[in-house]
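Asks: This structure is in structure tokens; I'll ask about it shortly.
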Amino acid sequence: MSTPSKKRLIRDFKRLSTDPPGGISGAPCADNLMIWNAVIFGPADTPFEDGTFKLVLTFDESYPNKPPTVKFLSKMFHPNVYANGELCLDILQNRWSPTYDVAAILTSIQSLLHDPNPNSPANAEAASLYRENMKEYVRRVKATVEASWLDDGEMPESIEEDDEAEAEAEAEATVDRSAPQTASA
């Protein structure tokens, strides 16, 4: 049975597949629509340029009324990323809005790579270096970028492009078989 959160995630996936913002990609796991794998490419003209950073987004049935949990799987050195990969990002906390979709979340994270907020640090060392020793901060970030190229951390199996049509058809069939349709945000 398809729930409002799953219907919304299907819509988010269709949008992300047909009109992806530059430098990001994401898809639900093949066996669980509520867990997504994503990749953010480091923004140009930043120390993160050329990096390939893996993330996992975990949704629950309260989405889109509550934000997903988002965590970098790739090692990060950033003022707003905790050692465990979780983010300190206002839209994932007190500034969340149900109008945000997966593309908006990933774009916001990419923007955070471009413009860190050292005044709200999750990583005090990175924030301190960002403010006081940019040369060392950049050196540490570039080491993270290089590590992202070698990152062979396994991510759960995602829907591949060839399987997208099949997954969409299956998802739509689930939606079509569900109880009476109601409009949802």
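The backbone N, Cα and C atoms fix where each Cβ goes, glycine too.
Annotations per Swiss-Prot:
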- 4-150: domain 'UBC core' (DOMAIN)
- C88: active site, glycyl thioester intermediate (ACT_SITE)
- 149-173: compositional bias 'Acidic residues' (COMPBIAS)
- 149-185: region 'Disordered' (REGION)
Asks: Within the domain 'UBC core' (4-150), count helix residues (DSSP H, G, I), strand residues (E, B) and coil residues, in that order.
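Replies: Reading the DSSP string over the domain 'UBC core' (4-150) gives 57 helix, 30 strand, 60 coil.
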Asks: Considering every residue in the domain 'UBC core' (4-150), what is the mean pLDDT value?
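Replies: A mean pLDDT of 97 is what the model gives the domain 'UBC core' (4-150).
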Asks: Counting every protein chain present, what is the number of Cβ atoms, excluding its own, within 10 Å of the Cβ of C88 (active site, glycyl thioester intermediate)?
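Replies: For C88 (active site, glycyl thioester intermediate), the 10 Å Cβ neighbour count is 17.
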